[in-house]
């Protein structure tokens, strides 16, 4: 990612700055210059809005084949999160056993390193999410009943 | 009076036990733990560094103090593990709390006392009415070379103090410093791990500076050890701060709340901030606190602090103790992976 592109998106990445449409009273993330439901009538009615960073997991999956730059996490959890204000965003869920993340769990925004351009390049920081309550890890079923011998 | 308007802390969510590190090197884990009085140390996740920890601690301070970015006119971050050699940590913190652009910002380095030097700078600027509020941050993610004695203690964490003159939860009555050229611990430019002078880090370094600074600040404040409810000093291991506090005339009841190293290791620039945060988490109006930081190279900053009535209005949930109790144990392999100790080679 080019340095200027990352720099232009600092507000979105660091502080979850999106938009609020005064016409339809709806929230949007990332920033929009108009509300797609209201069309051109919403032009000029959009204002910046900082999301509180609270939400819940809509669905989650465990990534075993890590994306480049995420090898040190593997396996890790990626989830669709519904923010309390409405918009849905995709994010990594950190600081937990990835298998324990389930739909409906409450999450909060945390500030983390997202990646880097290279060893000498710029560091990218921004928002990820963490569970508000860490669930108890269920014991693995070690019985052999489901294994075909 | 000028002092602490709000405070925040952050301890990473992982820890490794001393015995686990010792087992990798064929050492006696229980002997190391007992000798250092360090039984586990915090481990940052692979996406955590000084900048992320500084932001989390500062955001907690902003939330507790019900402050907005416009209230902050200075951000100073003290650390010896800033992710960039050239590019400030403090500008990223300022952006992340929406305090830009009308503020001043800079990064400080003085081994483990860089953060307390930032407190003194903020105090000076607040005292001269150049700013209303400034943020001083002490944070580190330092590392010891694999197998080195430092590996048993070098950990990660940090804290942030909003220094100002209105709505102060703790007055900073006095501050003083004691500084000499003492090469007990250093890291040369471009080197990944620091080096140290072994036993030389004790008597002529840590103890000389902490003791002299502690006595100086009590002389300046015209106080005696029994006038204080708490003492927190730098804590490179779990033994030095106990010996220093006892030598200054303090008791276990006074030093145990701020002593976190046995559970989270040496958080370097974060140590006094986290110890002070743990004290402020439970402090009552009128409580008096002595804080003495130490940075190799070498110097100590001392602070005489009195908690005010305003602390009772502050939301003090999500305490340092809460953060420590949530830490999940990792093994050495995970620790090595998280801390970038694995040589991945190149497949491209």
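Glycine too: its Cβ is placed from the backbone N, Cα and C atoms.
As written in TrEMBL, here are the features:
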| type | residues | note |
| --- | --- | --- |
| BINDING | B:28, B:112, B:153, B:201, B:234, B:243, B:266, B:296 | (3S)-3-hydroxy-3-methylglutaryl-CoA binding site |
| ACT_SITE | B:80 | active site, proton donor/acceptor |
| ACT_SITE | B:112 | active site, acyl-thioester intermediate |
| BINDING | B:199, B:239 | CoA binding site |
| DOMAIN | B:218-298 | domain 'Beta-ketoacyl-[acyl-carrier-protein] synthase III C-terminal' |
| ACT_SITE | B:234 | active site, proton donor/acceptor |
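Mean per-residue pLDDT, taken over the domain 'Beta-ketoacyl-[acyl-carrier-protein] synthase III C-terminal' (B:218-298), amounts to 98.
Sequence-distant neighbours of residue B:80 (active site, proton donor/acceptor) (same chain, six or more apart, CB under 8 Å from its CB) are B:109, B:111, B:112, B:114, B:140, B:142, B:187, B:194, B:268, B:269, listed in sequence order. If you measure from the Cα atom of residue B:201 ((3S)-3-hydroxy-3-methylglutaryl-CoA binding site) to that of residue B:239 (CoA binding site), you get 13 Å. Across the domain 'Beta-ketoacyl-[acyl-carrier-protein] synthase III C-terminal' (B:218-298), DSSP assigns 37 helix, 15 strand, 29 coil. If you take the Cα of residue B:296 ((3S)-3-hydroxy-3-methylglutaryl-CoA binding site) and the Cα of residue B:199 (CoA binding site), they are about 13 angstrom apart, rounded to a whole number. In this structure, the C-alpha atom of residue B:239 (CoA binding site) lies 12 angstrom from that of residue B:153 ((3S)-3-hydroxy-3-methylglutaryl-CoA binding site). Counting only the Cα atoms, the space from residue B:266 ((3S)-3-hydroxy-3-methylglutaryl-CoA binding site) to residue B:199 (CoA binding site) is about 17 angstrom.
When the neighbouring Cβ atoms lying within 10 Å are counted for each of the binding-site residues (B:199, B:234, B:239, B:243), the highest count belongs to B:234.
Site extent for (3S)-3-hydroxy-3-methylglutaryl-CoA: the farthest pair of Cα atoms among B:28, B:112, B:153, B:201, B:234, B:243, B:266, B:296 sits 28 Å apart. Under 8 Å, Cβ to Cβ, and six or more positions away along its own chain, residue B:153 ((3S)-3-hydroxy-3-methylglutaryl-CoA binding site) finds B:36, B:38, B:41, B:144, B:236, B:237, B:261, B:265, B:266. Secondary structure at residue B:112 ((3S)-3-hydroxy-3-methylglutaryl-CoA binding site), taken from DSSP and collapsed to helix, strand or coil, is strand.
In sequence order, B:22 are the residues of the chain that are 6 or more apart from residue B:28 ((3S)-3-hydroxy-3-methylglutaryl-CoA binding site) and have a CB within less than 8 Å of its CB.
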